[in-house]
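Listed features, source Swiss-Prot:
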| type | residues | note |
| --- | --- | --- |
| CARBOHYD | ASN24 | N-linked glycosylation site |
| CARBOHYD | ASN42 | N-linked glycosylation site |
| SIGNAL | 1-18 | signal peptide |
| TOPO_DOM | 19-228 | topological domain 'Extracellular' |
| TOPO_DOM | 250-275 | topological domain 'Cytoplasmic' |
| TRANSMEM | 229-249 | transmembrane segment |
Amino acid sequence: MEFQLLLLCSVWALGVCAEQEVENLSGLSTNPERDIFVVRENGTTCLMAEFAVRFLIPYDVLALNGIDLITEQTSVAIPRGAQIAGKCGPSESELQISWAAQAFNFHIYFSKEKRVQGSDGKAPEAEVWKINRVQLVYDTSENTHFINAYNPGKHTASTHRLSALVTPAGRSYVCAAQQTLTLISSDHQKGVTVSIYDIQIQPFDINADFVFSEPYKCVTDQREQLEQTLPLVLGLILGLIIVITISVYHFHLKLNAAHTQQPTLPRDRSLYKNM
C-alpha cells in the first residue's frame, strides 16, 4: 500500500513538473500584439502557440438614475508578462494563460481524433487535431478594465461543442486572418468575443525543439493568396497573348513584303523572247 502511494505521488510529482516546463517567449515577437508560448515535457517541446488575441467583454454599470443597468464593453489583450501553464498528452493538450493578478485566466483545450475523409464516408480515416474548448475566467472587480462595474465578481465564459482550427495530425495550423469565437458568460449569458489572428499553433507531434512542423494554411489565407496570385497569372497570360499577336502580325507583314518584291513573270510565252 505504501509502495502504491509512493508510486502515485511520484507520478503526480512528475505531472506537476511537466506542467511547470513552460516558457513565455512573447518578448521575441516582432509584433507587440503577438504572443509566443511554449510548453515542454522532459526537455522537449510538446506544444507551441503563437497568436495575437483580443477579448471584448461586456459588463454592467449603474445608470445615472441609480436604478437602471447599462451594458458597457471593455477590450482586453494579453500583456507581455502573462503567466502560463500547460499539459501535453497523446490525445489531449491544454494551454493556460493568466494575467493581472489572476483577474484573467484564458484556457485553450486541444484534442486529437480520427475522422472519415470524404462525404461518402468510404474514404480511410485520417487523424486530425482541433480546439475543442475555449474558456475565459475574468473578474469584474479588476478596475483597470471594468470601470464602475455593478456587482463585481468572477465570471466564466466558455464555448460549447467547439471544433475549431481542425488540422491534419503532425502539422501546425497557420492563419493570418482573424478567427472569431463567441463565449457564453455566466454573467447573465452575455457573449464574450474572442478575436484571434496571426496564428501558428501546434499542440501535438512536434518533431524538433522550438520548431513548428509543416504548416496547414486556413481556407481564408488560401483564398487571399489565390486572390493575390490570380491577377498576376492573368496578367502574364494577357502579356503572352499580346506578344504572340504582335509576333504573328510582324511575321505576316514580312511575308507580304517579301511576296511584293518578287518579279512578276509574263504569262504570254511569246514575251519570253524579248527577255
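Cβ atoms are placed via backbone N, Cα and C, with glycine included.
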Of ASN24, ASN42, the glycosylation sites given in the record, which has the fewest other CB atoms within 10 A of its CB?
-> ASN42
In Å, rounded, how far does the Cα of ASN42 (N-linked glycosylation site) sit from the Cα of ASN24 (N-linked glycosylation site)?
-> 17
Over the topological domain 'Cytoplasmic' (250-275), what is the model's average pLDDT?
-> 62
